[in-house]
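Take a look at the structure set out below.
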């Protein structure tokens, strides 16, 4: 456009005939230099105008070449589906750059664990040592398997797989949490199996699940929350008064159903589905259960109702088992129970003053407490994920609720000096939110909901929120030997623990937030509560599975960005 507009003026000096009658050679040379400069300037202008388009096209060519190379290098693998489809999505350069930053954070966290705590449960970065907070089951290593695989960190994944095959031993005289062991270890191993197709992970998952099974041998089938991995003796902690915890008893369904699907042995699925059958017999009209359940009679006790600690993931799994079961009639009762619970959740929703932050109260008897855990920030993502199962009016209502709750959870971060959230918040009239318990252990729940809302709405604002949270972790939690939590989000004083879920969940959800939506698509995978993606297996209306699930699993092709090289 600039060239056309100025053709009558600037370009007339570039005609040699203009100088034939003017024997001023020096002037001719000078003007020639000016003309050449104009040509260069014009080309640079055109290049700048198309710089964005060229960058995107170049990124796409590199990404497609990487995919072709990967398929050609592994001809023995029959790939069912390439999850990055160029014709559907173009990898945004800003997303690719941010994804690389998250991947580098994972490399920093993992290499620190590998150097100072290899094979132990968790790293203590400040003192550069390890701690076996889960009985020495290699929690961080197993929790990180699928994150390593999805990020394309092949060398690290292969080394971790070798440790699982040769060193992972569950024969330990240790009273394991059935809940924590299921979501981290069983879930992590099954996800690694679904992604890589390597049967060593399935065999190990079956080994640990068999050791957990006696926990369900109660009069009601409601499991005890702890079990010794050697002698199989289950029990509940004394501080619960002998009761089982709701979230602990109702958050094994995804993993154990998946294990039955993949092994062909129904015993795992039968144990965990019986729990839901028992709870459904006395399920309240508002769908809200107290956090303590009697394992003898299978009934709820009188205790706090919350979507935070000890209640949260029970409600999450009601929805996700319905998704895992292909939304068929065989799992319809899960969806029905979940919808009742969402009506109950709606009755606990309040708005703060003066800023109208939407939050979820806790309930004890007939009284409400204006308190919300950061743990409850999984709820916006859950609600958004389930909103599509309603009719159009209710779908819009619940999606709006999800978005409002997510805004509150994001502000849990933004309202502190460190821009990291405290563990819980209180809401007082005229004061909006204030931090209660002020430590931060790098939890994933808010990032999880941001990821779901981005996937389900396409609103890029959620990517900016996620990026801001990631930068706050980089500024406040990154140390020389990994990442640590904060003892106080107001002062920024650091603790000495790198929680395994930081690698399993927080970094994984951030990486996927900046990845194309076809990476771990939500219609093919369902995430357990520890962010381990499990492949959705076709399920018929009667609840059976048409495939033999112990067949050789086909590995999943991972995304390789424009900056990623091959390591295999």
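Each residue, glycine too, has its Cβ placed from N, Cα and C.
Note that TrEMBL annotation is computational and uncurated.
The coiled coil feature in TrEMBL is assigned to 47-74.
Under a cutoff of 8 A between CB atoms, and with a sequence separation of 6+ in the same chain, the neighbours of residue 180 (active site, proton donor) are 134. Annotation comment: TrEMBL describes 180 (among others) as active site, proton donor.
Feature annotation from TrEMBL assigns active site to 312 (among others). Neighbour list (residue 312 (active site), Cβ cut-off 8 Å, at least 6 residues apart, same chain): 247, 306, 373, 375, 376, 378, 379, 529.
Long-range Cβ contacts of residue 423 (active site, proton donor) within its own chain (separation 6+, distance under 8 Å): 373, 374, 436, 437, 438, 439, 440, 441. Annotation comment: TrEMBL describes 423 (among others) as active site, proton donor.
Feature annotation from TrEMBL assigns active site to 445 (among others). Non-local contacts of residue 445 (active site) by the CB criterion (under 8 A, 6+ apart in sequence, same chain) comprise 374, 375, 376, 377, 378, 409.
Here TrEMBL flags 529 as Ca(2+) binding site.
What TrEMBL lists as region 'Disordered' is 539-568.
Here TrEMBL flags 539-554 as compositional bias 'Basic and acidic residues'.
A sphere of 10 angstroms centred on the C-beta of residue 529 (Ca(2+) binding site) encloses 26 other C-beta atoms. Per-residue confidence over the coiled coil (47-74) averages out at a pLDDT of 46.
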